[in-house]
Each structure stands twice: as C-alpha cells, then as structure tokens.
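Database features, via TrEMBL:
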type: TRANSMEM; residues: 37-56; note: transmembrane segment
type: TRANSMEM; residues: 76-97; note: transmembrane segment
type: TRANSMEM; residues: 132-149; note: transmembrane segment
type: TRANSMEM; residues: 178-200; note: transmembrane segment
type: TRANSMEM; residues: 220-238; note: transmembrane segment
type: TRANSMEM; residues: 250-270; note: transmembrane segment
type: TRANSMEM; residues: 305-323; note: transmembrane segment
type: TRANSMEM; residues: 335-359; note: transmembrane segment
type: TRANSMEM; residues: 395-417; note: transmembrane segment
type: TRANSMEM; residues: 437-456; note: transmembrane segment
type: TRANSMEM; residues: 462-482; note: transmembrane segment
Amino acid sequence: MPTVVLFLGVSVFLIIGGSSLQGLLNNVLNWVTSNMGWGYMWIYIINFLFFVYLMLSKYGNIRLGEPTDKPVYKNFQWGSMVFATAIDASILMLSMVDPLRYVQHPEGSVKPYSVTAYNLAHMYGQYDWGPMAWLMFAAPTIAIGYMMYNKKRKIQSLSDAITILDGEKLWQNIARKIVNLLVVFGIMGGVGASVGLEIPIISKVLSSLTGIPDNLNMKLGLFLVLFIIFALTVFKGLNGGIDKLSNAHIWTAIIFLAIVLLVGPTVYILNSETNSVGLLIQKFIPMSMNTVPNGRPGIAQQETIFYWGWWLSYMPFMGLFIAKISKGRTIRQIVMGMLTYGALGCMSFYAVFGGYSLWLQKTGALNLTHILNTQGQAAVISAVLGTLPMKYVMFAFYFISCFIFLATTISSSAFVLSSFTSLPLGPGKEPSRVNRMTWVVVFILFSFSLVVVGGFETVQTFCTLAGFPLMFVCILIIMSVFKMIKNDPTVIRNPRWTPRRGKKPVTVERKSAIKGKLILWPKNTINRH
C-alpha cells in the first residue's frame, strides 16, 4: 500500500526533524493561505449553493431507495448519529480557544479587546463549524447513497460513486486510482492531525487531575492506551466495538455542555449567542469570500482556510457513514438534517464554551489570551476548567469526554480506510484484521510525529494540505450527483413540486376551459399546496 509507506516515511521525517520543522511548516501554511485561499472559498460556495438548490427544488424529493422506502432511523436518532460521528474532541477544545485568538487579532480596523472584537470573536467560530462546513458532507453522502440504494451497486470506495469516471478505459481506471489515493491521503492527514492536536490537551488535563508531570512520557503513555483501545475496537469490528463508543460519546459531550451553561454566566452566554446569530446572518456572504487581496490574511481568514481543509479531509469518511444510515430519506431531508442537527449542534458548543472563555477574559477573572500566547492552548483548557465548581470532577469529565471522542473518531476512520484499501469485499464482509490493524499503527505513529514537532500551526498545515487535493474530488462528486439525479424517475414522473403529505389535489378552473375543454379532465387540473 503506497499510502502506508508514504505516511510512515513522513512520520519518520517529522520525528527526526522535531520542533526545528515548525518554521518550515508555518511558511507552507502561510503560502497556501495567501495563494490558494480563493480555491477553498469557491469550492465551498459552489457546494453550498448547489445543495441548497437541490433542497429547495424538485430534486429534493428524490429518495435514497425505493419510492416506498421509509427512513430506517427516526429523525432525532439519525441526527444524533450524524453529529456524534462528525465531531471529535477538537470541538471541546477549539470552541474555548478560537474566540481568544479572534478577540486579540480582529479583522480589519477593529480594535483588539473592544466591544466589537468580543462580538465578532464569539461569532467567527460558528461560521467555520456552521452550514457551509456541514454541507461539504452532502455530496459524498448523496452520491454514495444513490448508487447503493437506487442503482443497487456495491460501494467500497468513494471512486465507485463518481459516475463520470465509470468505464474501463485506461484514463478512467487511472483516475479512479488517483481519487482513492487522494481520499486516503485526506482522511489520514486530517484525522491524524486531529489526534496530534488533541493528545497534548488531554495530557495537560490529565496532569492537572493527577499531578503527574505533563511531559513526553505522559503523551507516550496516552498513545499506548489509545493503541490498545483502537486495536480492540477495530479488531472486534464495526458492530462489536465502534458502535458502543459512538453511543457513549455524544451523551458525555451534551452533559458537559449543559453543566457549563448552567453553572457559568448563563445570561451572558445566551445574550452573546443571540447577538452572534444576527452577526452571522449579516456577515455570511462577506466571510464566505474573504480572500484579503489587498493585505495580509488575518487570523480569521487563516482559520477559515484551515477549517475548510479539515472538513474536506473528513468528507469521504463522513459521506460513507451518513449514506449507510440514510436509506429511505430524501435529499431534502438529508440536507436539512445536516443544517439543523450538524450545524446547530456545533454552533451550540461555540456558543457555550466560547462564551464562557470570553466572559472570563472580559471580566478579568483570567487573562486567557496571555496564557494562550505564553503557554499554549492546552494551558488555556486547564485554566478554564479550573474555574468551574468541583473542578476535579470537571477535569475528569472533560478527560473522559475527549478520550471517548478521540477513540471513536480514530477507530471509525481506521475501519473506513481499511475498507477503501481492501480488495473487493463480498456481501457482509469486513476488511481483514491485518489491514485494519495496519492503519491503527500508521495513525498512531503519524499522530505521534505531529506531537513531537509541536505547535498548533503544524496541525493547521497538515489539515490544510490534506484537504487541498480533495477540492478536485469534490468537484467530480458534485458533477456525478447532478448526472445521477437529472434523469431520476421521481423527477421525470413528477416534474412539478410534489404535494405535501396529507394534502389532496384541488381542482380549479383553467383558461383552457373557456376554449371548450372539459374542466375536470386530468390535464386541466393543478395541485394547490
């Protein structure tokens, strides 16, 4: 497997280079943000507009499966699974830290730490985890689901769902192999970078909880525990291990969110979120096209490009998962579900955790921006948790939440990667245990190499680069989705908008009746809704 060799080589290079590589990686990140930011912006704009159009048009009525199929899962159950699988421990961390970056480095001429800076700081992160981001999962979900349930085709890799690459010509075979390689590169880079971001913070929290020094040995111990968990869950298979983790981690996150909201400055958080929703609506279009052509990219623009790369790297993994649980749902239901359960769920974390950290900074309870600039984001998380009642209980709860999130994400990703890189599997067959375990080892080694290099910019660089080639894959998927649905029988049979459930057609007079045609003839009736 060339991708395994590639990431093993990169891991060894990073471990040998260590922190001396931070400058090089920072330069790479700055170059990509300055020169390729427009590409990330446009792919998200095109994707967002396309799927909003599908949701609002006749194509939204197309169902994944037979016309009579009903959704396998109820709406809340489906939304919970989608939300729980898409997010990982990163949101528990970045939702506290991101607003602190924005408030000291606001966009344009806004003065740092001003009222406007605080208002914008609370809103920016919600844009990066909001509707634009979540609809990036719609393209692979609908493409894979349509091929699986409508065309009755077996889908083992993302290239199987890209219909414009169907065929046995040489260029088509080569293109499919390239797509599969880029998908594996994206998932590996994005998810591996997530672990590299999260382990230092989990280590810091554990140190605050136990008093054990936060050093490389602590991080090595965490990687060892993660390896054992990953090995057991992936070795047992999807139903035996990963599902159990998925059922647990969403509830731990919701409980922790509720605790912070109730014991924190509740009114301030609710007021801030109400204001942020208004700002998000007002600035949605300018932020979606903020390329800063006449100046240096600011923190907000750099963060957006980083997140766009990150969401792209998760796109194939999430598309396959959501498609598998979406049989019986229409395109409209899937898109609306992503906008509600997904986007609103993530925004709630930034509303509560971001609001609380900004409140601590604004009131002078803690100088969190100073802690961030001098000690790093792991120290910020530890300081914020230390302000909560029963702080050691909060440390323990946060540690458990992050650890379960992390184990779920990596176990699921290793399972998907092993499926993408396996030979054709028979019905009901899972990838071999050797393949699954290989990816667990590669994940752990690559993530550890990022920890050795250190620095948040290292994680940003790899996430941004991992998502870059997937922009082209996304374009191919969007083209394939349009090709699939434009001749769908549902659209052909019902070219007009389908009546809402429970509404009966109402017969009305047409002008054609004046010409002597029978008013009640089917062709002379229309539906009112």
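Note that Cβ sites are derived from N, Cα and C of the backbone, with glycine treated the same way.
Just so you know, TrEMBL annotations never went through curation; they're auto-generated.
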> How about the transmembrane segment (178-200) and the transmembrane segment (462-482): at least 3 CB pairs under 8 Å, pairs 6 or more apart in sequence, or not?
Replying inline: yes
>> Could you check whether the transmembrane segment (395-417) and the transmembrane segment (132-149) come into contact, where contact means at least 3 Cβ pairs under 8 Å with the two residues of each pair 6 or more apart in sequence?
In response: no
>> So, taking each listed stretch (37-56, 250-270, 305-323, 437-456, 462-482) in turn and counting its Cβ pairs to the transmembrane segment (132-149) that are under 8 angstroms, which one gives the highest count?
In response: 305-323
> Looking only at residues six or more beyond either end of the transmembrane segment (462-482), which have a C-beta under 8 A from one in the stretch?
Replying inline: 25, 28-29, 32-33, 36, 39-40, 43, 46-47, 50, 136, 139-140, 142-143, 146, 158, 161-165, 179, 182-183, 185-190, 192-193, 196, 305-306, 308-313, 315-316, 450
>> Should anything in the same chain at least six residues away from the transmembrane segment (250-270) have a Cβ under 8 Å from its Cβ atoms, list it; otherwise answer none.
In response: 80, 83-84, 87, 92, 348-349, 351-353, 355-356, 359, 388-389, 394, 397-398, 400-401, 404-405
